[in-house]
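Engineer: This is the structure I want to talk about, given as structure tokens.
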Amino acid sequence: MSGNTTLLLSNPTNVLDNSSVLNVSVSPPVLKWETPTFTTAARFRVAATLVLFVFAAASNLSVLLSVTRGRGRRLASHLRPLIASLASADLVMTFVVMPLDAVWNVTVQWYAGDAMCKLMCFLKLFAMHSAAFILVVVSLDRHHAILHPLDTLDAGRRNRRMLLTAWILSLLLASPQLFIFRAIKAKGVDFVQCATHGSFQQHWQETAYNMFHFVTLYVFPLLVMSLCYTRILVEINRQMHRSKDKAGEPCLRRSGTDMIPKARMKTLKMTIIIVASFVICWTPYYLLGIWYWFQPQMLHVIPDYVHHVFFVFGNLNTCCDPVIYGFFTPSFRADLSRCFCWRNQNASAKSLPHFSGHRREVSGEAESDLGSGDQPSGQ
């Protein structure tokens, strides 16, 4: 393998050792030096990463602009910070993790010096934590909206506090990277790598550090999100059975479930799919890393392209979020349509009446946008 595969397989390049798993490499240096190369599998990884970078940057910036300046402002006031933070976390992943990974795979070794080694590894772990924790906040918000629909007055303040906590925790949990990573020159050869070699005196320290970040990055978010949506589904099922029992009585229903507004159900479906995409995209990568952790010899057995494909598949998650948001949000699609039609609008005065009619039509659609129908109840 070449490059640094971020987090779970951080330096699996035969640079200092061949058994580094997660963020560390504390084993003795290998006796026979094998110069890392920019392999065909790594070339595919770099090309795929650059494609994902372009799409993720454009789509997440579009979501952020829509929520802050466009029709996305029609979202309920407490939902806007959630969507904006999710897009921001994806942008941090896009502008930190993807370029770093691509360049590092091309150069194979580290050329940016010790300070940049520490900073980039810190930002990399911060980006991955923030992306996971923001999804936890979104799940907690939907959990509260469905199970406590009348408790809406503090929704915005509660979400802001949770988002602030998520960002601060991400910074704190990533801060050890500033101390354990450094630029190391391999003995006897002209080769420098950014690694954690020698930062841990005992193997159990390495294991504890690895396990801790595996739990905070994957296990804890997965457990919280699973618990939230399990309770939500149980509550929806309970309300559906209650509505069936009252089928003979006159009642007002705004969606397929009793007393749950259609806009709230639409937001719930969107967040479930966003969380599912996170789990689907990143699970293979994390499981492979844990497998290497307990069976490091498999690093020599499994083909290089498997690691590269799994990491690229994990990065695909940053592209999925804006696509899912756009599918469920007419206002975002309207903003994109307005952006693409802007040049045509200025090119021909005859197109103005038609364009204005189109905008009125989209505006009517946006009235049923997710969150807009939620605003009277605050959810």
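Glycine is no exception: its Cβ is also placed from the backbone N, Cα and C atoms.
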Engineer: I want to verify the bond table. Which candidate from Cys117, Cys281, Cys319 sits on the other end of the disulfide that Swiss-Prot records for Cys194?
Structural biologist: Cys117
Engineer: Can you check which of Asn60, Asn105 Swiss-Prot annotates as N-linked glycosylation site?
Structural biologist: Asn105
Engineer: So one of Asn18, Asn346 should carry the feature N-linked glycosylation site according to Swiss-Prot; which one?
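Structural biologist: Checked Swiss-Prot: the N-linked glycosylation site annotation sits on Asn18.
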Engineer: Determine which recorded stretch among 119-140, 211-230, 284-302, 309-328 has the most C-beta pairs below 8 angstroms with the transmembrane segment (46-65).
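Structural biologist: Checked against 119-140, 211-230, 284-302, 309-328; highest Cβ contact count belongs to 309-328.
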Engineer: Between Cys117, Cys194, which of the disulfide-bonded residues has its C-beta surrounded by the fewest other C-beta atoms within 10 Å?
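Structural biologist: Selected from the disulfide-bonded residues Cys117, Cys194 on minimum Cβ neighbours within 10 Å: Cys117.
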Engineer: Go through 168-184, 211-230, 284-302 and flag the stretch with the largest number of C-beta pairs under 8 Å relative to the transmembrane segment (309-328).
Structural biologist: 284-302
Engineer: Run through the topological domain 'Extracellular' (101-118) and tell me, per DSSP, how many residues are helix, strand and coil.
Structural biologist: 13 helix, 0 strand, 5 coil
